[in-house]
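K.L.:
Structure in structure tokens, see below.
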């Protein structure tokens, strides 16, 4: 009995600390989201601009461009949401306008987010095929197939997100002769328990857990290929060989590109996997939503936004070709070439 009381005390103490964290973090949330969103929009815009240069076009860069577009659009929607609800005075816009945009944001943002997740999975698959089966890569990982992959991902994600779009509605509340609008999540009391559960398990499995499991496996395979490449390079350096400097540089750039993708994938796993586990807890016990998920919601949003906007830094750091193209573009703009 004492053990049960101790467990309950620890749970209550944990809830209190989470509520305190929520209260302390909330005043900074809007400003942090604003900065991250602006940074991410600029970074993803630069990604699109650089990756679509003639010398940069490839199957992998087509997927990276699509990833930058989906993440940039999600950040743009979020920036607008933050500005409307935290920086625009209540009397500047009608409550109906705000709640309509909020509902639009909740429905569309998840489409862009889910698309970016599955495009990341596609990137890992394309990269693994390219380095593990180079003879098949020309066929399986062509530019045309990359474009088809983008279209298929966007279409399937849009269809899969339909349950989410059916989970929200907005209602009016008339008090003191003032009409206030707010969004409500459809629940079982309204006869829509199936839709609510379908949406929750969809968000848990297809948006978080399944991509994370696939990316964990693909990351392991990619890291194995990087180790094999490092061993081959070491063996070649220890022997006399006729490899030209261009060949060595190309091999090094290939390994850097693979390493860059591994970092992108690992960051995604680190951020999304805990989120998926938390959603499983919410799906099995709704109390977790109010006691754990909701107090951490603002922090989860900001960390996810950071992951959406940090790829430009990773590309510049890891890819010499990306970095050289970026520098050349701005050098040309200064001399009007």
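Here the Cβ of each residue, glycine as well, is placed from N, Cα and C on the backbone.
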K.L.:
Per TrEMBL, which of 150-171, 172-193 is transmembrane segment?
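P.N.:
Per TrEMBL, the stretch marked transmembrane segment is 150-171.
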K.L.:
Do at least three C-beta pairs under 8 angstroms join the transmembrane segment (101-129) to the transmembrane segment (200-223), pairs 6 or more apart in sequence?
P.N.:
yes
K.L.:
State the non-local partners of the transmembrane segment (200-223) in its own chain: residues 6+ outside its ends, Cβ under 8 Å from one of its Cβ atoms.
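P.N.:
Tertiary neighbours of the transmembrane segment (200-223) are 110, 113-114, 117-118, 120-121, 124-125, 127-128, 131-132, 160-161, 163-164, 258, 261-262, 265-266, 268-269, 272-273, 275-276, 279-280, 282-283.
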K.L.:
Average the pLDDT scores across the domain 'G-protein coupled receptors family 1 profile' (43-315) and report the rounded value.
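P.N.:
81, rounded to a whole number.
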